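Student: Quick one: structure below, then a few questions.
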C-alpha cells in the first residue's frame, strides 16, 4: 500500500507505512578501522544499526539487512547474505536488487545512525521512475542513502564482474540525480555522519 505524503514541519510525513518499495540496510563492511562489526557496537545503549533500523521501521513495513554476519540474527531482522562476497557496498546493492520484488528500492548504510525520517520521506516523494535518486549536501551525493531502481541490476553486476566497485563512478555511469536537503531545515551533516573508528564512536555517544 502506498503511503500518502503530506508536507509539514519542513518535511514530508507519511500517513501509512510503505509496503511498495524494497528497503535494505547494508551491513557487510569489514569494519577494519573500528576493530569490531560496526553495526553491533554499542551506541547510546543499543547496537549502532538499531538507531537507523527504528527510523526505517517507522516508515516502511519491512526492512531487510544485507549482511554475512550471523550475529545479526539476534536482532530479529530479515537478513540476506551477499550474493557475491567481498564487493563492498556495490555488492550489497546488487544483492538487494536481486532479492527485491519491487522496482524501486531504498538503500542505506548501517553506520549512519542519525538518519532522519524527513530526509527519507523527501527522497521518496521526489524519486523518479528509472533514475537513481540520492540525497546530497553541499553538492555532494550520498550514494548509500537513496533509491536504486531494479532495472540497473545488470549494469551493476557488470561493474562487479570487472571489479569496478567505486560507487561514485557507478552513479556517474547510470541515470541519476541528487536532491539537496537544505530545504528540510535539518542538521543534514549529522544525518550523514559515518561512525568508522572508536574515536568517532566516543564522540557520538552524546549525540541525538
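Cβ atoms here come from the backbone N, Cα and C positions, even for glycine.
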Student: Quick check: of 82, 182, 200, which does TrEMBL put in the same GTP site as 26, 27, 28, 38, 111?
Tutor: 82
Student: Give the helix, strand or coil assignment DSSP yields for residue 26 (GTP binding site).
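Tutor: Strand, per DSSP.
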Student: Hey, what's the widest CA-to-CA gap across 26, 27, 28, 38, 82, 111, the GTP contacts in the record, in Å?
Tutor: 18
